[in-house]
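What Swiss-Prot annotates here:
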DISULFID  Cys37-Cys63  disulfide bond
DISULFID  Cys39-Cys79  disulfide bond
SIGNAL    1-32  signal peptide
Amino acid sequence: MAPPTRRLLNAALLLLLLLMATSHQPSGTVVARELRCQCLKTLPRVDFENIQSLTVTPPGPHCTQTEVIATLKDGQEVCLNPQAPRLQKIIQKLLKSDKSS
């Protein structure tokens with residue numbers, strides 16, 4: 001193989017590897033895991049029967065907002081609006097049942 005062809009092939013392989021490494025994130029999942037807000041946008045509604053668990057992260061130095069991340073039964077993580085009245089009622093019920101246990 002001629003040197004220019006080998007360089008072109010190496011560049012193409014490198015580009016392919018970079019694309020594969022960066023395109024693996026499924027849509028609708030929580031993206032950030034660093035010291036910043038994890039919820040870039042929230043879903044207005046979710047079928048609560050599909051929720052496996054909820055994680056509530058209070059405001060702190062990493063993010064000034066309360067974040068609610070729901071893990072769905074299919075393993076997908078989605079951000080929910082912490083101001084939604086139905087979600088607030090569910091969180092209050094969970095907190096009350098946790099205190100009585």
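Here the Cβ of each residue, glycine as well, is placed from N, Cα and C on the backbone.
Known features from Swiss-Prot, placed on the structure.
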residue : record         : Cβ within 10 Å
Cys37   : disulfide bond : 15
Cys39   : disulfide bond : 22
Cys63   : disulfide bond : 16
Cys79   : disulfide bond : 21
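Across the fold, the C-alpha of Cys79 (disulfide bond) and the C-alpha of Cys63 (disulfide bond) stand 14 Å from each other. Across the fold, the C-alpha of Cys39 (disulfide bond) and the C-alpha of Cys63 (disulfide bond) stand 10 Å from each other.
Look at Cys39 (disulfide bond): DSSP puts it in coil.
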